[in-house]
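*Asks:* This is the structure, below, for whatever I ask next.
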Amino acid sequence: MNWDIIFGVSLESLFNTTMIAYALAAIGLNVHFGYTGLLNFGQSAFLGVAAYGLAMTVATFGAPFWLGIVIGLAGAVVLALLLGIPTLRLRADYLAIVTIAAAEIVRLLFRSVSLSEWTGGSDGLQSFSDDFYKLNPYSSPLKIGIVDFDPRELWVMTIGWALIGISLLIVFLAMRSPWGRVIKAIREDEDAVRSLGKNVVSYKMQSLILGGVLGSLGGFIFALSRAAVQPDTYGTEFTFYMYTIVILGGAARVFGPVVGSMIFWFLLAFINAVLPAAITQGYIPTWLMTPTQAGAVGYILVGAGLVLLLIYRPQGIFGDRKEVMLDGR
Amino acid sequence: MRRAVIIFTAVLGFLLTSLGLGATSALADGESLQGTLVNGSQPVAGVVIKVSDESGGPIGQVTSGADGKWSVPVKSAGTYKVDLDTTTLPQGVTLTNNRPSLTLTVFEGAARNVLFPLGAAAGTGEKKPQVAGTSTFDRVSGLVYTGIHLGLIIALAALGLSLIFGTMGLTNFAHGELVTFGALGCFLLNVTIGLPLVVSAILAVVLGGAVGWFQDKIFWGWLRNRRTGLIGMMIISIGVALVFRYLYLYLFSGDTRQYAEYVAQPGIDLGPIAVAPKNLVMDVVAIVVLILVSLALTMTRLGKATRAVSTNPSLAAASGISVDAIIRLVWTIGGALAALSGVMLGLFQGVNYQMGFQILLLVFAAVTLGGLGTAFGALVGSLVIGLATQLSTLWIPTELKNVGALVVLIVIILFRPQGILGRRERIG
């Protein structure tokens, strides 16, 4: 077993682009679920719309990169409005079902053959990130011990961590403000807030837009780090991973999603590296597990982890049990 | 409780007798390439298919039989090229994907199924093309039939989901995995163990009920006693779904496979539509099961108790109904119905580890459409969703048909949030 590689990959996952994309998405989801108590199961759609907004603008229509970013962000806002208008008046479980349905609609539209002229169908789109990488100031890879990042990844990571910093600051300031107090009060008791004369639906909509836009930043990082968009990566499992991350870190905590994402990806990368290695070395007999089956084990453990967290520690690492929206009908 | 068991066994007993159809199995031994040419549900005969090895050396040539089947035995595992001679296709029938030549790998001891999708010459790459030379009327009636068929499959799953929601308030995201369990269980018994499909289906339904009962006994019941919040439970059910789905992937691998029998059954003509008898049998089974469960819900004491628990659990408990026992019964019935739905779905579109999850959204749409927690709403909603899914292909591409159904869901939610049959209460 090459422990250097296994631990190297795991340590890289504490900082790499995948972790950043999930952290940004989870920061957005934390605004929805953690602070406002909105059960948004369609967060992957926000990332997908942003990523495709960027990719389609640049790759399909040949427009400049910055316009792609603007269109991606605008797409997230429009999606929040489209999603919010029919659903925000509904009870939590209805909201969950409708948002997950909306996310599937978005994914199916992206992979549809009839729209493939613009979206590239199930193959997705490439070659939209050249302008972004042209700005790359790094020329040599970074090597610290067993951790190794190439210049392209370093550039995405720099931007990604800057975006995480900005997003955390926005969330911190927003939740300290009077607006944030109303948002948290909506989570605790919607009717009480309404009786104080606040327009609950409007506040929820603002929260949906804020969280969606923060999540869409994750969509940009996800697309740019891979230099490609592919519809099936924006499926419902993406959202379920984000929920695990938010709950692991602690819902309604500013740093919760980032810490959650780091721990989540460290563990998952470790499992995904150690299992195939153990199989090839013969520590795990092949009748028990083949390398292809090892991929499924990661998902099984994520599911089991989510179940155990919610049963035994719903507040996650940092959270406060009283602040987690787990009841209500 | 005893009465519920009697009803339940009656339902299963009916399944046993009504599924009693003769079986025709055609499992090939050794490595071979095989397939069935069908256009819509009509077998296509007389089509020449050539098989050659990687270097182009010919291995064999066959002509598809009257049932559309063809099979070419090959000597060993390896890569082979399969060519369909398009000039031998009947008038008006074409390959919908325009790929008459496929290169495929045959695995050790396995018969590799080769799919040549056929359709009407003017077909636009539709997945399930109707009979060649269709008039609009024929096409619409065909779609209406498949819509009802799909609606019934959804209804079986939706009824259980709706009952579970009604009695314990849980939006169960792991219900799709109960559906997959039925299909996989049936596949295991039918293909791996080699029991006839009818017996496997019944056993799979019984096992599905057992899994439902067991799940509630060891897991959900325990969570209820711990007073876990409803939203907490909903997210827990997502975790449970992930565990089950990838356990299926672990055990079953990611391929889509078919049962050993009734895979491509020639259709019989029923006026404007041609339907394979297996589908009609399944429809009858589904309708009878749904009617029986509905009758049990309205006529029996246990059904009344179930509805009482749905309306107000505390009041039901106060009037001497054992809420926990009712919920466990509902899980058992829900599990069995979901398994039956899975068996039928497996016959309809093949067995896959994520089939349950894929249909779960349609089931949710059906349940929400009918009104969460209302059993009869779920039935109406399922038919609406089934029909909407199929009929939307008249206007939008087939690959987007689920989008049609989900859009219907969102539009109805916009105007009638409580669903078609839901009570007007505060759901905001």
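From the backbone N, Cα and C atoms, a Cβ is placed for every residue, glycine too.
All annotation found in TrEMBL is predicted automatically rather than curated by experts.
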*Asks:* Out of A:87-103, A:240-256, which range is noted as transmembrane segment by TrEMBL?
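*Replies:* In TrEMBL, the transmembrane segment feature sits at A:240-256.
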*Asks:* If you count Cβ pairs under 8 Å, which stretch among A:6-31, A:65-85, A:240-256, A:263-284, A:296-312 touches the transmembrane segment (A:208-228) the most?
*Replies:* A:6-31
*Asks:* Sort out for me which stretch, of A:6-31, A:65-85, A:154-175, A:263-284, A:296-312, has the most Cβ pairs below 8 angstroms to the transmembrane segment (A:240-256).
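*Replies:* Between the stretches A:6-31, A:65-85, A:154-175, A:263-284, A:296-312, A:6-31 has the largest tally.
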*Asks:* Are there residues at least six beyond either end of the transmembrane segment (A:6-31) with Cβ under 8 Å to its Cβ atoms? List them, or say none.
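*Replies:* Here the qualifying positions are 40, 43-44, 46-47, 145-149, 153, 156-157, 160-161, 163-164, 167-168, 171, 174, 207, 210-219, 221-222, 225, 238-239, 241-243, 245-246, 249, 251-253, 256-258, 260-262, 264-266, 268-270, 273-274, 277.
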*Asks:* Report, as numbers and ranges, which residues of the same chain sit near the transmembrane segment (A:38-59): CB under 8 Å and 6 or more residues beyond its ends.
*Replies:* 21, 25, 28-29, 32, 65, 67-69, 71-76, 78-80, 83, 88, 92-93, 95-97, 99-103, 106-107, 110, 118-120, 124-129, 131, 204, 207-208, 211-213, 215-220, 222-224, 228-229, 231, 234-236, 238-239, 242
